[in-house]
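Features as listed in TrEMBL:
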TRANSMEM  32-57  transmembrane segment
TRANSMEM  69-86  transmembrane segment
TRANSMEM  98-116  transmembrane segment
TRANSMEM  136-155  transmembrane segment
TRANSMEM  175-196  transmembrane segment
TRANSMEM  208-229  transmembrane segment
TRANSMEM  280-300  transmembrane segment
TRANSMEM  320-340  transmembrane segment
TRANSMEM  361-378  transmembrane segment
TRANSMEM  398-420  transmembrane segment
TRANSMEM  432-452  transmembrane segment
Amino acid sequence: VLEMSPEREEYVDWRGKNADPRKHGGVRAASFVCVVEVLENLVFLSNASNFVVYFLMSMNYKPAEASNMVTNFMGTSFLLTIFGGFISDSFITRFKTFIFFCSIELLGLILLTVQAHEPHLHPTMGRRPSGSQAAILYAGLYAMALGVGGVKATLPAHGADQLDHSNQRLISAFFNWFFFSLCTGGLISVTLMIWIEENLGWNWSFQISVIVLSVTLFIFTIGFSFYRYKLPGGSPLSRIFKVFASTVETGNYHLQREILDKALIDNTVTATEVEETKTFLGLLPIFATTILMNCCLAQLMTFTVQQGNIMNRTIHNFKIPTQSLTVFPLIIMLASIPLYEQFVRIFGNQKAKMFLPIRRIGLGLALASGSMAVAAIVEVKRREAAENNVILSVFWLGWQYLLLGVSDMLTLGGMLEFFYSEAPDSMRSMSTALSWCSTSMGYFLSSVLVGITNSVSGKYGQPWLGGENLNQTQRVLTFGCFSEETFDY
């Protein structure tokens, strides 16, 4: 009897039979995933990037509440990727997981669409939403968040599953083009979709999102016959907990890599389970270092949007949406990926090692620090100008959008490839989800920082984000004390 190769043993076709490399998987199947990512990210970002305006203008929440609602929504969406990854690694295939969670996201969008369409489901001018109106809003938001969590956990892993894992260059190229697709969806969302939201209204935006997400689900589903599927291998978390428990029983409480070998004393623990646990633990420091960068990104989608809304956004009678400033970094990202692939094709893999995922992550973190320094300087200048009744151009915000946008490209793109390539075979969805989970922690940290800042500044006068807009707030003196004078520029 001929011995089956690992690739043929590990993957099956839609009937449950061994996948045939000539018919299943490959570049064609991975390309379907990239097309789906364009549409999925278009829907997600076109709503998430402008939710803060919707909450302020249509639902009548105050700036601090609106900011925290957005960061909590984004944080929950990305945190739930761990849940989605756990489901696809443990119980059902990534294909079925995507179908299930994308359907939930679609239901959430439909609920938000109904609310935006019916006047009696949103508050009258100057009044907060009623209990029932808020309940509908939160139900739609968090159904969408749950769906996004499952979709983002499974889609990149499902795409990479279609390719030969012995060819690392091919895997790397897939993640580059996957990120290209992510940026393409983002570019459409911050241009066409934002224009629709600001000029035609949220009702139109939500309806278009429902149609696009329905098309996304359809396109992904029609590829079922030529995808290859990795069968779930049971709960990876239970195996990790078993290794931890066995290690602690030996009297070793510091769970270092070498000490985990002591778990092998337990006959129920295998060497594979110990190595799997070591590998997953090794990913966590990289995950932790990127959380603060994502806290900066949360500020870009909330505080910076509010800054732009009270700055001069008009050029030749055309009002520029603040969120459309992300066009500049997105164009740079979209151009850089084909250039990088061409660079590798000409100079080979050895020269390309300077762009290893771990190095891209490090450079991204450095750029995030620079972007926040620039953001602080711009806000000081904006406030000084407002005191003199001068409104600065929104293009002053372009520098922080550019720096943080490129930072996000380097960090997120590097993490997706790094976590998938380094993860244990049985934990690839969960490990890839760490990339999004880092974003989640950053958004929740942003909410905490806004809450703390409002609480502390409120003790010395008016809270930092206590007014109706950013010009109704306290002046911070040089010595760090708050004056009693409130400005309404």
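Numbers run from 1 along the shown chain.
Note: Cβ is positioned from N, Cα and C throughout, glycine not excepted.
Of the two recorded stretches, the transmembrane segment (361-378) lies close to the transmembrane segment (280-300), with three or more CB pairs under 8 Å once pairs fewer than 6 apart in sequence are set aside. Annotation: stretch 175-196 has the most Cβ pairs under 8 Å to the transmembrane segment (320-340), among 98-116, 136-155, 175-196, 208-229. Counted over residue pairs 6 or more apart, the CB atoms of the transmembrane segment (432-452) and the transmembrane segment (175-196) come under 8 Å in fewer than three pairs, which marks the two as apart. When the stretches 32-57, 69-86, 98-116, 398-420 are ranked by Cβ pairs under 8 Å to the transmembrane segment (175-196), first place goes to 32-57. With a cut-off of 8 Å on Cβ pairs spaced 6 or more residues apart, the transmembrane segment (280-300) and the transmembrane segment (208-229) reach fewer than 3 such pairs and are scored as not touching. At the 8 Å Cβ cutoff, the transmembrane segment (136-155) and the transmembrane segment (98-116) share at least 3 close pairs (sequence separation 6 or more) and count as touching. Among 69-86, 98-116, 208-229, 398-420, 208-229 has the largest number of CB pairs under 8 A with the transmembrane segment (32-57). Below 8 angstroms of C-beta separation, residues 11-14, 19, 23-25, 28-29, 32-33, 35-36, 39-40, 42-43, 46-47, 93-95, 98-99, 102-103, 105-106, 109-110, 113, 158, 161-162, 193, 196 of the same chain, each at least six residues beyond the ends of the transmembrane segment (208-229), sit close to that stretch.
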